[in-house]
């Protein structure tokens, strides 16, 4: 050719973003299939009498982190919906300009989705092939890596967001200051994750006592067994933290609503401890006295919590917000005009509130797959709750801004009396 050959630019030889995305999805499916295949083959190598016990132990270590990963994915969806609906969640939570968007949240969730099942697969593979000590190190390394990632002091891995989370957790545990929206919002989410924290405590307990990759701990009287006193204590802690927040809020504002909210969280305490009494009293006393009290306290807490969600957290008292959608309304920026969504969230919230007993009752924990499913459903209920709780807060902020703007407008009489700005 007579003309010189034009060198290709670097942009021209780079694959398109769509092609890269498809390649990543393909790698993700290959990784998922490999983990399932290796895990299944490893389980099938074990003897039938030990298989169920070992799966229960592996499930104990990894189901808390799997549920946390699920919650991170759902939080990313929350932020995406807020961004699409132009809800200023950064203003509501008092976040700085470097806060994580839904894309960064989903990136974190993707890495968690990869790391946690990979560690679980390695645990199953090594144990089934006789490498017990190496298998025992897998959950220990995973938990250590998660803790180090959270407290890493250098400016990588979203340092400002990690420290914002740690500061908020510290404020939840020690409510010695005025309670912000982010404080009680995260504390409410933690109440839905109380089962996760309980399993985390049992897993760490096993690691400290070097009981990983053994089945001797399944005895009821063992230190980290299913009858341990630490289980109800850890289960109740998120509710105690939230109760103290309400008391602190009442101290600052003198609003009686805060006391009623504190009463709601206090009703969770008898449910948890009455359930734990089954392992420490005679069967006849449990059947005749404590089980009826446990059922009564469970119903009371579930109905009280449901009422509070509807009337206080979401401001849907008497369903007035739903029927207002028949006419144009200034409120509801997220799900405007979709009545069926509000009917769905009210009905599903009532049903999932009533399954609360499985999630927090220690004497029902032997059905670990059922408890895992109900805990995941509780997180989905909290995921729904986030939409309407943030929507309600955003509407309150907009309403107050409108009222302040109306107060700043000069009245007509002031305009007439004020000669400034009028040509005579």
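Glycine too: its Cβ is placed from the backbone N, Cα and C atoms.
Curation plays no part in TrEMBL annotations; they are all automatic predictions.
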Item to check | TrEMBL annotation (transmembrane segment) - matching range among 140-160, 161-181 | outcome: 140-160
Next on the checklist: Between the candidate ranges 21-40, 201-220, where does TrEMBL place the transmembrane segment annotation?
Outcome noted: 21-40
Next on the checklist: Need the matching range: TrEMBL marks transmembrane segment on one of 60-83, 228-251, and I'd like to know which.
Outcome noted: 60-83
Checklist entry - Among 104-128, 254-278, where does TrEMBL put the label transmembrane segment? => result 104-128
Item to check | Cβ contacts the transmembrane segment (60-83)/the transmembrane segment (21-40), at least three under 8 Å, sequence gap 6 or more | outcome: no
Checklist entry - What mean pLDDT score does the domain 'EXS' (222-421) have in the model? => result 78
Checklist entry - When you scan the chain for residues with a C-beta under 8 Å from the transmembrane segment (104-128), skipping those not six or more beyond its ends, what do you find? => result 28, 31-32, 35, 38-39, 42-43, 45-46, 54, 58, 61-62, 65-66, 68-69, 72-73, 75-76, 79, 134-135, 138-139, 141-142, 145, 158, 213
